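Student: Quick one: structure below, then a few questions.
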Amino acid sequence: MAHIMRYTRTITPSYTTSLANHLKNHRLDQARLLFDKIPSPNIHLYTKMIAGYTRNDRLWDALKLFDKMSVRDVVSWNSMITGCLDCGNLGMATRLFNEMPEKNVISWTTMVNGYLKFGRVEVAQRLFLDMQVKDVAAWNAMVHGYFENGRVEEGVRLFDEMPVRDVISWTSMIGGLDLNGKSEEALFVFKKMLSSGVEPTSSTFACVLSACANAVEFNLGFQVHGHVVKLGCCFHEFISVSLITFYANCMKIEDAHKIFNETLTKNVVKWTALLTGYVWNNKHQDALRVFGDMTKMGVLPNQSTFSSTLNACSGLEALDKGKEIHTMAIRLGFETDVFVGNSLIVMYTECGNVNSAIAVFRNINEKDIVLWNSIIVGSAQHGFGLWALIFFNQMIRAGVDADEITFTGLLSACSRSGMLQKGRCFFEYISRHKSNALRLQHYACMVDILGRCGKLDEAEELVRNMPVKANSMIWLALLSACRMHSNLEVAERCAKRILDLDPSCSAAYVLLSNIYASAGRWADVSRMRVKMKRGGLAKQPGSSWVVLRGKKHEFLSADRSHPLSERIYEKLDWLVKKLKEFGHVPDKKFALHDVEDEQKEEMLSFHSERLAIAFGLVSTVEGSTITVMKNLRVCGDCHSVIKLISKIVGRKIVVRDSGRFHHFKNDICSCSDYW
């Protein structure tokens, strides 16, 4: 027996080292074989093996081993409970906690953390109050959990009640406020922390830099940067990422790139921070270049990387590139990820391919409110109002509560599809049952719905009886409706209201001028133009563009600067002849200049969207869809013409103007001539 004991004592250190090595390198099966060879393994080795299993998501193996233990101490119980929580099994963790013969403060804090992690705030609260002994770690866990679950007021109140605070307490408070959109308050807490004599850690500085980025507090962030350089922690993982984000958010992307270049190791988090910074600065082409460099270096993208890269594709309206990124996301298993899925839906809808957006949406099983909102708003943008309503009904059946963005999407859908009664019902419902979600944009949508349907007096009455003062956006919605229905009396009142609120609003002058032009009141048109000139205001020139093989081809009205101009105008001449054969007569009221009828016809023929379509016809494969983007609303004559062109050339043409998407095919538009 003595011989065996001496042997055990001799071999145990060797076994322990080998076991630790296997677990560190995730060789679990080899670790278990070695563990089974150890004569009478002690509690410490059991606990080490259990932790190895749970860290690798093998919970049931850990539980079987835990059941084999003849003797357990509080450390082994705590380790097993932590493992259950890490593996996502709150129920098992609760059962073990209730069975635990003796609990220490770590046991209680672990369960408080667990309930908070799973959003069970009230249960965590009760457990926290039941704790007879609370150390600072327990208080910190509760404060942090409140903020993580969006319970800001309770987090602040508990922080104020803390008998003792350490640096983690202050850091949780700073990070929590920043997380919940209260970045300026977070920076105030940081200053208070410094005056309390508490020394910040690298984690504190990372949170402060994040708050500086979100609040765009460049001077303070710059000082913090200098301080972390002096302390020698500027290359710490979270610090360097926070610095990249800080400089990017403050529109100093070159400095952000410099920080990135100076980092010793460049992992996916740092690459993503830089890429996102370029997107934030509207440098979408540079963002795609960063993505390309990252993949060439062998760094695999994560959800955030794909999300930001797809946002760059949306910004460039680069559908082909977006499809390429989508393919890569599928290959890496991110097709059903909520964050990637949401960015895909936005990218496809922004690039005019709503069917692909719906296919992505249907492929995702776990749908959150952001995903539902994206597909509802996307359907509304494309004028598919009934689709938006169907998705809303599915969302309600799935038990997801609507928010203010959902209601904006629904009202927009009703507006763009001429669903007056549906729009009234939704607005009435929000007013009565969700009044806290009612925003100015909802009033603007309702005014738009009424205005488009010709209910101008009712729309004006709604604006006048609003509980809050109407802004220029709401009056502009009514003015746009006046343009549609040629109502000068209401238009002049609207324009006066808008210019009282915002004398530099060029849109009001332009809309009123266009109404005067349609009525043939050229003296009033001249008066508007003189007023704009005196106020230093300029009308935004209409432009249209096509993105082809990653390159943007932009056209102004009567533009001849494109290298393919000769072919474009040849195609236009051919189209004009074909349009006449099909009986099209130009609607000269949309030529808003006091010139001869022949000149008006010519001006209409060379509108920017027609040039862009002609370019698409001569530059793309026969039968393929042509997608055109326009910065202003498409005029009525062009709308009629594009419908006919789609029939003449046998192609689908998608046009996104400032208000919506139009899908033209075989002389029919998806808007049913209601826009």
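Glycine residues also receive a Cβ, built from the backbone N, Cα and C atoms like all the rest.
The repeat 'PPR' feature in TrEMBL is assigned to 42-72, 73-107, 135-165, 166-200, 267-301. Per TrEMBL, domain 'DYW' is recorded for 583-675.
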Student: When you scan the chain for residues with a C-beta under 8 Å from the repeat 'PPR' (42-72), skipping those not six or more beyond its ends, what do you find?
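Tutor: Tertiary neighbours of the repeat 'PPR' (42-72) are 15-16, 19-20, 23, 26, 28, 31-32, 35, 79-80, 82-84, 86-87, 89, 92.
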Student: Residue counts in helix (H, G, I), strand (E, B) and coil for the repeat 'PPR' (42-72), per DSSP?
Tutor: 23 helix, 0 strand, 8 coil
Student: Quick one: DSSP breakdown of the domain 'DYW' (583-675) into helix, strand and coil?
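Tutor: Residue counts for the domain 'DYW' (583-675) by secondary structure: 38 helix, 16 strand, 39 coil.
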Student: Could you give the mean pLDDT over the repeat 'PPR' (42-72), rounded to a whole number?
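Tutor: Result for the repeat 'PPR' (42-72): average pLDDT 93.
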Student: Just give the helix, strand and coil counts over the repeat 'PPR' (73-107), going by DSSP.
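Tutor: Helix (H, G, I), strand (E, B), coil: 26 helix, 0 strand, 9 coil.
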